[in-house]
């Protein structure tokens, strides 16, 4: 495990605040396709399998975005690559709103995803390096809290009726990031760890002795945790409408899920240094399994609201724990690359989730079948997170 230096308080506050704003817009855009799904499907006459590709196109873009965003940041600086990422996802969110056909819609979502994917490893690297080891878990959790809050804002737009036209949410998701760019240019400090780092080390350093196991465990945990998170974000609104809930009620459940996600991000980030690895991994992944069962079986709106809250609490909260853990295992010269590759593997899971759900629905399994299909992966992710936290705790003691 690699040590991270002590925090500068004023630098940390500015970094968390600005990165939080970018994360807020990332969360809004990630939820936007799910909220706009019903109107989008009607506008382009899309069936469920085509909607699965709309969801997965954006997630597919996250994969090369995360990989290249991390690698470029270790060579050219976290701030510079973050600025380019925000510009990219802002412009192509606007392009989504003016898409005129299924292919142009897919292309706009793909390139939006590239920008979103490149932003996240730099948000994590900037925040963790500004925070230092003492505040790292809480700082990354506070920053990443912007993602579920942004997604909750998207859901609020959906059930309030303010986004009656499906394009509205993409106009908002495009204009606001572009307005953030001058603020980032003026006020966001570059990572001091990057400025001190020497020339970038080879990618194979991820698999150097002492780091290979951590890299593989991170990848396993990221893949299966994000599979569930993105399956819920993208498909849950349509699944609920298919069960007889109104679109506004489905958006309300998504709002509840994202409020749970914000709470889980803060709560689990605070607990990760206090609970034993076994208790932490059991808490997160047993909570995910229980919430998936509840989402598949709840029949009342109140039951679904509660199940959505718990799903967000543990699924996205668990995701934030992974984001806080990843920077610990890599030196500064390859930290953004290490985080970026883990995020990229997670995006493979995120892309697989909507496709898995679409396939299960096409087979007629219903909501409960979709939830059950993801359970084995959650168990594997829980084991991976346990070993990661055990390694991190043991290294801290040594």
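Note: Cβ is positioned from N, Cα and C throughout, glycine not excepted.
Here is what TrEMBL records for this protein:
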| type | residues | note |
| --- | --- | --- |
| DOMAIN | 15-393 | domain 'Major facilitator superfamily (MFS) profile' |
| TRANSMEM | 51-69 | transmembrane segment |
| TRANSMEM | 81-100 | transmembrane segment |
| TRANSMEM | 106-127 | transmembrane segment |
| TRANSMEM | 139-159 | transmembrane segment |
| TRANSMEM | 165-185 | transmembrane segment |
| TRANSMEM | 206-233 | transmembrane segment |
| TRANSMEM | 253-270 | transmembrane segment |
| TRANSMEM | 282-299 | transmembrane segment |
| TRANSMEM | 305-325 | transmembrane segment |
| TRANSMEM | 332-350 | transmembrane segment |
| TRANSMEM | 362-388 | transmembrane segment |
Exercise for the section: Flag the pair the transmembrane segment (81-100) / the transmembrane segment (165-185) as in contact if three or more Cβ pairs fall under 8 Å (sequence separation 6 or more). Expected result: yes
Practice task
For the transmembrane segment (106-127), could you work out the same-chain residues 6 or more beyond its ends whose Cβ comes under 8 Å from its Cβ atoms?
Solution key: 15-16, 19, 22-23, 26, 29-30, 33, 53-54, 57-70, 72-73, 78-79, 81-82, 84-93, 95-96, 99, 139-140, 143-144, 188, 191, 194, 323, 326-327, 335-336, 339-340, 343-344, 347
Completion exercise
Near the transmembrane segment (51-69) in space but 6 or more residues beyond its ends, with Cβ under 8 Å, are 30, 33-34, 37, 40-41, 81, 85, 105-107, 109-122, 230, 234-235, 238, 336, 340-341, 343-344, 346-348, 350-351, 354-355, 357-359
Exercise for the section: Note the mean pLDDT of the domain 'Major facilitator superfamily (MFS) profile' (15-393), expressed as a whole number. Expected result: 84
Exercise for the section: Count the CB pairs under 8 A between the transmembrane segment (332-350) and each of 165-185, 206-233, 282-299, 305-325, then give me the winner. Expected result: 206-233
Practice task
Return yes if the transmembrane segment (139-159) and the transmembrane segment (362-388) have at least 3 CB pairs under 8 Å (sequence gap of 6 or more), otherwise no.
Solution key: no
Practice task
Could you pull out which residues elsewhere in the chain have a CB under 8 Å from any CB of the transmembrane segment (282-299), counting only those six or more residues past its ends?
Solution key: 225, 228, 232, 236, 268, 271, 275, 306-308, 310-311, 313-315, 317-318, 321, 367-368, 370-372, 374-375, 378-379, 381-382, 385
Problem - Intrachain neighbours beyond the transmembrane segment (165-185), with Cβ under 8 angstroms and 6 or more residues off its ends - result: 18, 21-22, 25, 28-29, 32, 35-36, 38-40, 43, 79, 82-83, 86-87, 89-98, 154, 157-158
